[in-house]
Amino acid sequence: MRRMIPTSFSSKFQGVLSMNALRCYVSEFISTFFFVLAAVGSVMSSRKLMAGDVSGPFGVLIPAIANALALSSSVYISWNVSGGHVNPAVTFAMAVAGRISVPTAMFYWTSQMIASVMACLVLKVTVMEQHVPIYKIAGEMTGFGASVLEGVLAFVLVYTVFTASDPRRGLPLAVGPIFIGFVAGANVLAAGPFSGGSMNPACAFGSAMVYGSFKNQAVYWVGPLLGGATAALVYDNVVVPVEDDRGSSTGDAIGV
């Protein structure tokens, strides 16, 4: 029995560092970098266009459109490689649902975090006249309320991801990412003025790291992670129960 333990551990470790797994991590890095660059950059762009006053409707509309388009594209370009997570909340939900292993999820998170920080650093270095914006909670909201709101938004987003990636629905490859982007854009429109409509811990982490302030950072982790995990459990166990032989089909569906 003692000989089987290191062998099993070694095989799992080799799987996490296999060439296919490394391709997934690189894919997540590229897609997350692109998304964060567009999502955070759109806020800086709207600030520039409106001379610093982003309190009007266009202050939310521009980032919402950018989030929708960038997320659709980011998910699409990595869909067949890594599953197009682009979001630690999605990765966490996939791990909770048993579609990826916990070690793989940790490497996904690492790729996503590094990509987010790098994207925000690029914005900081290239746009010298502005600081990198961070997600903030509106004055009329509490931290708990913002966490609940972010959790609900993440639930809707992750539920859409599970629906779009379900091979039993037979959706064309290009359709799923479009719907995922639509939901993200709608969520930003709905919650942008209140919590920022992040839904993505990596995006919030990268901007906070570069800006140098982690105030209320827990809001953008606890809410999305719990919301995403709940969506995974509800989809797989209540709405569309997964069959016993789901292992091979769902594995192919998310690209890992």
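Note that Cβ sites are derived from N, Cα and C of the backbone, with glycine treated the same way.
Positions annotated as N-acetylmethionine by Swiss-Prot, on the basis of similarity to another entry: Met1.
Feature annotation from Swiss-Prot assigns phosphoserine to Ser249.
For the transmembrane segment (24-44), same-chain residues at least 6 beyond its ends with a Cβ under 8 Å from one of its own Cβ atoms are 54, 62-63, 65-67, 69-71, 73-75, 77-78, 81-87, 104, 107-108, 110-112, 114-116, 118-120, 122-123, 127, 130, 132-133, 200, 202-203, 206-207, 255-256. Feature annotation from Swiss-Prot assigns transmembrane segment to 24-44 (among others); the stated evidence is sequence analysis.
The transmembrane segment annotation in Swiss-Prot covers 57-77 (among others).
The feature transmembrane segment is assigned by Swiss-Prot to 89-109 (among others), with sequence analysis given as support.
Positions annotated as transmembrane segment by Swiss-Prot, on the basis of sequence analysis: 144-164 (among others).
Residues annotated as transmembrane segment in Swiss-Prot, with sequence analysis given as evidence: 171-191 (among others).
Residues or ranges marked as transmembrane segment in Swiss-Prot: 222-242 (among others).
Under the criterion of 3 or more C-beta pairs below 8 Å, with sequence separation of 6 or more, the transmembrane segment (57-77) and the transmembrane segment (171-191) qualify as touching.
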